[in-house]
């Protein structure tokens with residue numbers, strides 16, 4: 001492409017400081033260095049994790065920054081030494097990379113590649129620099145992806161090449177929310193046929209958990225949320241019954257234990273609230289119940305329960321990106337979507353032009369959207 005090797009000026013949503021709306025700015029995006037890829041984005045989702053960092057609650061939050069981590073686009077140019085991508089490839093950036101070489105990648109028990117973890121947490125690319133500038137200032141990267149920009153640069157291990165026929169305004173969501181919830185049920189909990197599951201929080205991740213539980217053959221899938229408007233939607237994804245904690249005077253874990261003859265086989269916390277994490281564990285059946293933490297809690301918050309809960313056979317687990325080894329799994333998830341094995345379209349409640357990004361955040365905070373997709 002004629003832009004290869006040159007700085008590209010484009011639109012991006014810059015977070016200048018925590019707690020303030022994003023600002024649409026013209027930014028400069030430098031060409032990719034060795035083992036980096038520059039991408040032209042076509043669509044990006046708006047996720048709670050972006051809002052969490054923007055709020056100032058994230059201990060790793062840095063400003064100014066270009067947020068966003070649910071994107072899809074095409075390769076514009078590649079840096080030196082990049083062999084797996086070429087200009088024009090359809091790609092999804094990955095906030096959990098897969099180098100294939102570190103001890104984490106070589107261990108089948110985890111998907112948490114550590115190759116670039118330190119620099120990613122510092123808002124930089126692996127060579128400890130940023131490719132973004134705005135108004136003469138360096139702007140930080142976010143989660144190694146920064147999809148709230150028309151162009152972004154990512155490490156070549158933080159990218160999946162996917163089916164070029166896939167609609168980018170849908171499959172961008174496989175970069176985070178849907179994959180996270182779906183994999184939590186299939187990979188982390190390994191939900192068994194005939195089981196009873198409880199899902200706390202019926203946003204995009206919770207709905208994806210429900211979808212995973214259904215695919216795994218669970219017979220009872222109980223959705224728990226304070227917003228009854230979400231129940232009808234959850235039913236479409238496979239939930240069989242619902243509980244609104246506001247309708248009960250006793251703690252939610254007691255309600256669930258009574259409903260399920262001693263507790264659920266699997267529970268999932270999709271909110272990021274440490275009190276709910278405890279309730280989700282204590283709603284599990286003695287002897288074999290498993291609770292999976294997916295939600296991200298605020299900086300410095302801690303979980304607690306009585307050790308007896310664990311001594312008597314309950315298991316507490318956590319998961320990131322649904323346990324999927326990203327580079328190899330995301331293309332397969334796209335194929336599952338293309339062959340109608342995986343719902344994605346149903347998660348998209350709003351599609352807005354990129355300039356209306358702050359409206360996307362407002363819809364999410366108001367509980368009016370499952371996922372808003374922004375198109376460039």
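From the backbone N, Cα and C atoms, a Cβ is placed for every residue, glycine too.
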Zn(2+) 1 binding, same site as 47, 69 - Swiss-Prot member from 113, 134, 172, 176: 176
Cβ-based neighbourhood (8 Å from the centroid) of the Zn(2+) 1 site, residues 47, 69, 176 excluded: 45, 49, 50, 68, 70, 95, 143, 145, 175, 177
Shortest C-alpha distance to residue 176 (Zn(2+) 1 binding site) - which of the binding-site residues 99, 102, 113: 113
Residues that sit under 8 angstroms from residue 105 (Zn(2+) 2 binding site) by C-beta distance, when 6+ apart in the chain: 98, 99, 113, 115, 325
Cβ within 8 Å of the mean position of the Cβ atoms of 99, 102, 105, 113: remaining residues of the chain near Zn(2+) 2: 97, 98, 100, 101, 103, 104, 106, 114, 115, 157
Protein Cβ atoms within 10 Å of residue 102 (Zn(2+) 2 binding site), excluding its own: 17
Cβ neighbour count within 10 Å of residue 113 (Zn(2+) 2 binding site): 23
